[in-house]
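Trainee: Take a look at this one; I'll ask things after.
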Amino acid sequence: MRPLIAIVGRPNVGKSTLFNRIVGRRKAMVDDMPGVTRDRNYANVDRFDVPFILIDTGGFEPETNDRLLQQMREQSQLAMAEADVILFVMDGRDGLTPADVEVVEMLRRVDKPIFYLINKIDGDKQETAIGDFYTLGVDTIFTVSAEHNRGVNDLMDEVIKALPKGSAADTDEEVTKIAVIGRPNVGKSTLVNRLLGIERVVANPTPGTTRDSIDTYFTCNRKRYLLIDTAGIRRKGKTTEKIEKYSVVDSLRSIERADVVLIVIDAEEGVTEQDTKIAGYAYEAGRGCIFVVNKWDTLTKDNASMGKFIEKIRMEFKYLPFAPIVFVSAKTGQRLGKIMTEVDAVMEQFARRITTSDLNRVFSTATEEHHAPLYQGRRVKFYFATQVGTKPPSIVIFTNRPDGVHFSYERYIVNRFREAFGFTGTPMRLLFKGRESRKRA
C-alpha cells in the first residue's frame, strides 16, 4: 500500500492549491468560497522518490454549529486517522487564529509526523510578519506559497523522508476502478458509505453536496478496488455556478478513469432524460456499466414491479442492453452484496481477450448466415477479425469496403459475438479496415 499524506487546516487557507501543486495537476476544485472542498479527496502522486497517496480535506473548524462544517470537521479527523503524515496549513495573511491554536493542541496528541505550514508567504516582507506563529511552540514551521510554488519542493523533501519505509506502490492494473455516477441526490454518497462501511463521503439532503470526485481504496474478498464517488451530473442549464460546472467536468474525467461505472437511478423518480445522458457519457467512454436502482425499499411493489422497471430501463437505454441491473437500498443495505458480485463479473468481461481462431469461427458463421447489405451496388467482403485491445474489448475486422458496413450490420456482428462469448456489462468496439492494413494488425 502507498503511504498516505493528509492536508488539513481551516477553510480557505489554501489546502486545495497546495494539493494541486503537489499532485502536479488540477485535481481538487479551488475557489474563494470557504468550504468549497467539502470531502476528503485522494490522488496518487508519483512525482517524488516515494509514491504516495495525497488526501485533501474540507476545512477544519474546531467549534461550529453549522451541520455541514461539523461533518467536514469529522471528515478531517478521519483523514488524520488514516494518514501516515499530516500537513497542517495555516494562512500567513490572516495571521494566527484561535482556531489554529486549538487544532495544534489537538495535533499534539497525534503520534505521527506532522508538518506545520504557513501558506500565502509570497516574499521576504511577509516572512518577517509571521512572528505570532512561533508562539505555538512547535519544532519547525515551513513557510510556503502554494500558488507561486515557493518553498513547496523544500517541504516535500522533508515530507518524503518522514514517510514509512517499505510501502510498495500498487499499480493501477492491480486495482479495479469503480466510478459512481448519477444525478444529484440519487443516493450515491450513501451507497458509497454503505459499501465501505464508514461515513466516507458527506451525505446531505442538499442536492450537489458532493462536489468533487472522491477516491477511496478498499479491499473486498481479497480484491482491491478504487471507488470514485462523483459529483452529481446536472443539466447544463442548472450548472450556473463556476464551481458546479467544474464538478461536471470532474465527473466526466472520473468516468474516463474508471473500469466499471455504477449508474445510480432513483427508484422513486424513475428514469429521467438526464439519466439517459449520464449513462451515455459512460457508454461513449467505453466503460463497463452496471445500473444500480437505488431507494427500492421506498416503493410499494408487487411481483411484476421489478420486471416493469427493467423493461423501462431497457427501453430508455437501448444502447446499453448488455448492462446488468441491480435493485438496492443504500439506506437499509438491501442487496448491496450483489453490486460487488456484478462488478467482478463485468470487470472480467471488460478485460477479456478472445483468441483469433475462436473469434473467426464465430465471425465466419455470422457472415455466412447473414450477408452484409450491398454498398453502392457492390458486395461487402470480409476477410478476418482479430482482437487488438481490451478495456473495452476492441476488434478489428478487415474488409474490402471499410466505409460500406451499415451500422445495423455492425450491431448484428456485435450481438453474435456477445451470444458466443458473453461480454456482459462491457461495450465492444469494432473497427473496419481495408485489406491493405492486414499486415499492420
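Even glycines carry a Cβ here, placed using N, Cα and C.
Found this in Swiss-Prot, in case it helps:
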DOMAIN    3-167  domain 'EngA-type G 1'
BINDING   9-16, 56-60, 119-122  GTP 1 binding site
DOMAIN    176-351  domain 'EngA-type G 2'
BINDING   182-189, 229-233, 294-297  GTP 2 binding site
DOMAIN    352-436  domain 'KH-like'
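For each feature listed, report its degree of burial, its nearest neighbours and the pertinent distances within the displayed model.
Mentor: A sphere of 10 angstroms centred on the C-beta of Lys15 (GTP 1 binding site) encloses 30 other C-beta atoms.
The Cβ of Lys188 (GTP 2 binding site) has 27 other Cβ atoms within 10 Å, all protein chains considered.
Averaged over the domain 'KH-like' (352-436), the predicted model has a pLDDT of 94.
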Trainee: Take the C-alpha atoms of Lys188 (GTP 2 binding site) and Ile121 (GTP 1 binding site) and report the distance between them in angstrom, rounded.
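Mentor: It is 39 Å, counting Cα to Cα.
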Trainee: Quick one: what's DSSP say for Thr57 (GTP 1 binding site), helix, strand or coil?
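Mentor: In three-state terms, Thr57 (GTP 1 binding site) counts as coil.
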Trainee: What residue among the binding-site residues Gly182, Asn185, Trp296 has the most other CB atoms lying within 10 A of its CB?
Mentor: Gly182
Trainee: May I ask for the distance between Gly9 (GTP 1 binding site) and Asn185 (GTP 2 binding site), taken between their Cα atoms and rounded to an integer number of Å?
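Mentor: It is 28 Å, counting Cα to Cα.
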Trainee: Sort out for me which one of Asn12, Thr57 has the most neighbouring CB atoms within 10 A, since those are the binding-site residues we care about.
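Mentor: Counting Cβ neighbours within 10 Å, the top one is Thr57.
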